[in-house]
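Undergrad: Would you mind keeping the following structure in view while I ask a few things?
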Amino acid sequence: TPFIKPMPNVTATASKDHSLRCYVSGYPLDSIHWTRGSAQLPINHRQSVLDNGTLIIRHVQREDSGQYTCVARNREGQGMERSMHIAVVEPPVIDPFHFRQRKQGDRILVTCAIISGDLPITIQWEKDGRAIPQDLGIRIQ
């Protein structure tokens, strides 16, 4: 009888690709497939199922949220299925800002405004890809 390892619920970021792995053991396996509701996947061009049981969803969208079920069967018709849930979140969109030309030593005020995105949102200021150290005399509030 096939056995499917438990799958955790996942959070996927909208507009990114996401893959769901279905780990199946048991021999001989005849088929591994995914369903959503009563429909066997893929149901659109953004979905594909690999032979190893991986479901790939390209350019994840809010409507992809929901329960997905992996189904494995052997040649004798014995099977197992296991479900998991995908929650799709919208990433934050930041209102563009710029730094005006100033003399060294001048004070500046820069506002980071989030236009859209699902909570929770964490804001971290960086310079050249690194977090700004607190000992530089910069105040972030």
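A Cβ is built for glycine as well, from the same backbone N, Cα and C atoms used for every other residue.
Heads up, here are the entries from TrEMBL:
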DOMAIN    2-87  domain 'Ig-like'
DOMAIN    91-141  domain 'Ig-like'
Undergrad: Where DSSP helix means H, G or I and strand means E or B, what are the helix, strand and coil counts for the domain 'Ig-like' (91-141)?
TA: 3 helix, 9 strand, 39 coil
Undergrad: Pop the mean pLDDT for the domain 'Ig-like' (91-141) in here, whole number is fine.
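TA: Averaged over the domain 'Ig-like' (91-141), per-residue pLDDT gives 86.
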Undergrad: How many of the residues that make up the domain 'Ig-like' (2-87) does DSSP mark as helix, as strand and as coil?
TA: 3 helix, 47 strand, 36 coil
